[in-house]
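Taken straight from TrEMBL:
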type	residues	note
DOMAIN	64-314	domain 'Orn/DAP/Arg decarboxylase 2 N-terminal'
MOD_RES	Lys77	N6-(pyridoxal phosphate)lysine
BINDING	Gly265, Glu307, Pro308, Gly309, Arg310, Tyr416	pyridoxal 5'-phosphate binding site
BINDING	Arg310, Arg355, Tyr359, Glu387, Tyr416	substrate binding site
ACT_SITE	Cys386	active site, proton donor
Amino acid sequence: MASPSGTPWPRSAVRDDDAGALVVAGVPAPRVAAEHGTPAYVLDEGEFRARARTYVDAFGRAFEAVGTGVDVYYAGKALLTKAVARWAREEGLRVDTASGGELAIALAAGVPGAELGLHGNNKSDAELAAALDAGVGRIIVDSFGEIDRLADLAAARGVVAPVMVRVTTGVHAGGHEYISTAHEDQKFGLSVNAGPEGGDSPAVLALLRILERPSLRLLGIHSHIGSQILDAAGFAEAARTVLRLRAHLGIRTGVLVDEVDLGGGYGIAYLPQDTELDPSQVAREIAEAVAEACAELGTPLPRISIEPGRAIVGPAGITVYTVGTVKPVLVTADDGSTFTRLYVSVDGGMSDNIRTALYGAAYHAEIANRRSDAPLALVRVVGKHCESGDIVVDEVLLPGDVRPGDLLAVAATGAYGRSMASNYNLLTRPPVIGVHEGATRVLVRRETVEDLLALDVG
Ligand code: LLP
């Protein structure tokens with residue numbers, strides 16, 4: 001398994017010379033299984049760090065070339081553990097959080113408040129207060145009610161809250177409707193478009209309202225257009241729209257905000273035939289669009305920030321399962337022909353990876369404990385939940401001798417796997433095992449039945 005960049009495996013992935021087991025960061029999958037059990041999320045620290053550096057370098061270079069700077073925020077919603085937050089910081093990233101829980105983990109990891117952002121369309125007073133108390137560097141407000149509540153909370157504390165406004169630009173991009181966030185009929189952001197009666201757009205009104213409140217400091221404007229985006233056009237379009245809004249506010253009020261955040265959404269490879277978005281190329285295209293738009297508008301360049309999550313952590317993670325049962329099922333196709341689909345059941349499922357069921361996401365899997373030259377069979381990898389939609393990998397060709405006891409590795413599960421995991425059927429959530437230079441380290445321990453019993457107070 002050579003892993004040129006663009007395949008879904010971490011670049012450290014190889015097959016060992018003995019049994020042909022999958023080895024990631026020098027750690028064979030059978031060793032992970034023996035030491036930590038299955039299912040387990042396995043996270044390649046080197047891959048995470050390399051991808052983090054790539055984004056910092058690519059965007060840094062591209063925006064330096066047009067004359068401004070960039071801050072890269074790692075979007076913690078993709079996967080946030082204390083170790084992950086520290087790796088991000090050590091590689092020069094800041095951390096974007098989306099709840100009080102994510103904020104608490106980032107702070108516990110030692111990330112200074114000033115290097116954190118807080119998102120959310122429905123932040124509670126407690127979350128806003130926690131952000132103020134931690135000195136969070138930017139609170140991205142998402143509604144008029146939140147602007148007022150935050151201003152009051154800040155005033156009561158005698159502090160000035162640094163805020164950005166989340167706007168919707170009408171641009172939407174990405175894999176699935178549920179993960180496209182900038183079109184209008186959804187809950188996020190304030191539209192840059194005026195309502196049917198004309199007048200100021202909600203985005204303009206929000207910016208004006210912030211400028212009226214002395215306990216708020218307007219840092220800039222934020223746009224996030226979607227997720228798993230595989231071309232730069234949508235980012236460039238959204239950037240142009242945000243920059244027009246910035247220029248409009250500048251003319252209107254004399255306040256030209258310093259910062260523009262273009263969000264996350266950079267797409268990755270999930271399947272061997274996929275090509276991920278090239279960070280250098282997308283960075284150049286966005287930087288050129290920003291520079292051109294500012295030149296046309298006659299405004300100086302803002303400082304830019306971006307918030308990649310999936311592109312940093314997705315390909316750094318795999319999930320290792322143990323096969324429990326193998327069942328050939330005769331399937332009748334639409335044209336009346338029949339074929340056999342091999343249902344391979346693993347010891348996890350939709351509780352550790354909901355993306356297949358929720359988004360129809362496609363994944364790649366391989367036998368991880370041995371090589372096999374058996375003829376390939378059409379396999380559906382399923383979990384152990386009481387639900388027929390409990391599918392981990394809808395379709396993959398695996399050696400037909402796949403059998404109970406084999407280990408199965410699913411690629412590119414680092415983003416939105418553990419972070420969207422549940423306890424459905426009261427399964428206990430798998431651990432996150434860091435692998436680096438031949439060593440394993442538990443980053444998040446496996447949940448136990450004792451944890452479940454402790455939560456249920458009867
Ligand atoms: N910034 C904001 C404001 C966001 O809402 C998101 C993702 C990101 C950054 C990071 O996006 P990324 O670079 O990871 O694509 N659960 C879905 C993805 C939901 C993304 C929500 N927001 C999935 O599993 O595909």
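For all residues, glycine too, the Cβ spot is worked out from N, Cα and C.
Here the binding-site residues are Glu307, Glu387, and the one whose Cβ sees the fewest other Cβ atoms within 10 Å is Glu387.
Here the binding residues for substrate are Arg310, Arg355, Tyr359, Glu387, Tyr416. Their largest Cα to Cα distance works out to 27 Å.
Ranked by CA distance from Tyr416 (pyridoxal 5'-phosphate binding site), the recorded positions Lys77, Cys386, Glu387 have Lys77 at the top as the closest. Taking Pro308, Cys386, Glu387 as the candidate recorded positions, the subset whose CB lies under 6 angstroms from any atom of ligand 1 consists of Pro308. Maximum C-alpha to C-alpha distance over the listed pyridoxal 5'-phosphate-binding residues Gly265, Glu307, Pro308, Gly309, Arg310, Tyr416 is 15 Å. In this structure, the C-alpha atom of Glu307 (pyridoxal 5'-phosphate binding site) lies 22 angstrom from that of Tyr359 (substrate binding site).
Of all the recorded positions in the record (Lys77, Gly265, Gly309), the one with the smallest CA separation from Cys386 (active site, proton donor) is Lys77. In this structure the alpha carbons, written CA, of Tyr359 (substrate binding site) and Arg310 (pyridoxal 5'-phosphate binding site) are 15 Å apart.
Among the binding-site residues listed here, namely Gly265, Pro308, Gly309, Gly309 has its C-alpha nearest to that of Lys77 (N6-(pyridoxal phosphate)lysine). Residues near Gly265 (pyridoxal 5'-phosphate binding site) in space but far in sequence (CB under 8 A, at least 6 apart, same chain), listed by position: Ala173, Gly174, His224, Ile225, Gly226, Ser227, Gln228, Ile229, Phe235, Pro308, Arg310. Of all the recorded positions listed (Lys77, Arg310, Arg355), Arg310 sits in the most crowded Cβ setting, with the most other Cβ atoms within 10 Å. For the binding-site residues given as Pro308, Gly309, the lowest number of other CB atoms within 10 Å of the residue's CB is seen at Gly309.
The separation of Gly309 (pyridoxal 5'-phosphate binding site) from Glu387 (substrate binding site), Cα to Cα, is 30 Å. In three-state terms derived from DSSP, Glu307 (pyridoxal 5'-phosphate binding site) belongs to neither a helical nor a strand segment and is classed as coil.
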